[in-house]
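In what follows, a single structure is set out as structure tokens and then discussed.
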Amino acid sequence: MQKMTIHEAECLLQEIMNEEDERFQMLVKDERKGVQKLILKWYKQKELAQKEREKFLEMSKYENELREKGLTYIAGIDEVGRGPLAGPVVTAAVVLPEDFYIPGLNDSKKLSEAKRERFYDEIKDHAIAIGVGIISPQVIDEINIYQATKQAMLDAVANLSCTPEYLLIDAMKLPTSIPQTSIIKGDAKSVSISAASIIAKVTRDRMMKELGGKYPAYGFEQHMGYGTKQHLEAIEVHGVLEEHRKSFAPIKDMIQK
């Protein structure tokens, strides 16, 4: 019988789920270097997939404990944009179904833009409910960034299509009667908070890219409003915009000059 090509072996390995598969045993006996490399790669991919499953299970601990108590609508809440000099603070509340699984889900800041966009679409497709809260720079200046973040989180909860039975919040406590747990670095410890961080990050990044189109001299689509050298130089040359947070240094100092 004619041996399969290396490409055919690669395609076959993509179909094989475990070592007991007769086709896998056949490939293991193939002594060609190209096939043996593919088998090594297959093992590495399986190992990575197992680690991702274990990490996801670990990040589902809070949700699973609450589900064991009979709760269904558990909302993870996170914010993006507390530190920038321009643009809104954006929060998201996400309620995920029990069978939800995305390998590699993590804090949005640790993901590439391409992965965030892909995960954003998957979360949108599978979440039970998603709520977003957006607070403008003007309101941030009026009530301060901490209060604005809290308000944005409350707005995100109010914008959910279901009433959550429990809130898992990244490092904040909210003035609400809904039971809640505040989790430090929650976006790396809870799948719901992680999903919320991705929704909030992609939502805000898209808004800042639009702002970049409106004000091309400022480069908002690159720094997302953070105080980079490029951003500060643009403010010095072109001035402060209505989208800037005038209560934040160094914008505040520039206005007072």
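Start at 1 and count along the chain as shown; that gives each residue its number.
Here the Cβ of each residue, glycine as well, is placed from N, Cα and C on the backbone.
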Looking at Swiss-Prot, ASP78, GLU79 are annotated for divalent metal cation. Which of ASP170, ASP205, ASP253 sits in that same site?
ASP170
Could you tally the C-beta atoms, other than its own, that fall within 10 angstroms of the C-beta of GLU79 (divalent metal cation binding site)?
28
Taking the centroid of the Cβ atoms of ASP78, GLU79, ASP170 as the divalent metal cation site, which other residues of that chain lie with their Cβ within 8 Å of it, listed in sequence order?
ILE77, VAL80, THR91, ALA92, MET153, ILE169, ALA171, MET172, GLY186, ASP187, ILE193, ALA196, SER197, ALA200
Fewest other C-beta atoms within 10 angstroms, as judged across ASP78, ASP170, which are the binding-site residues
ASP170
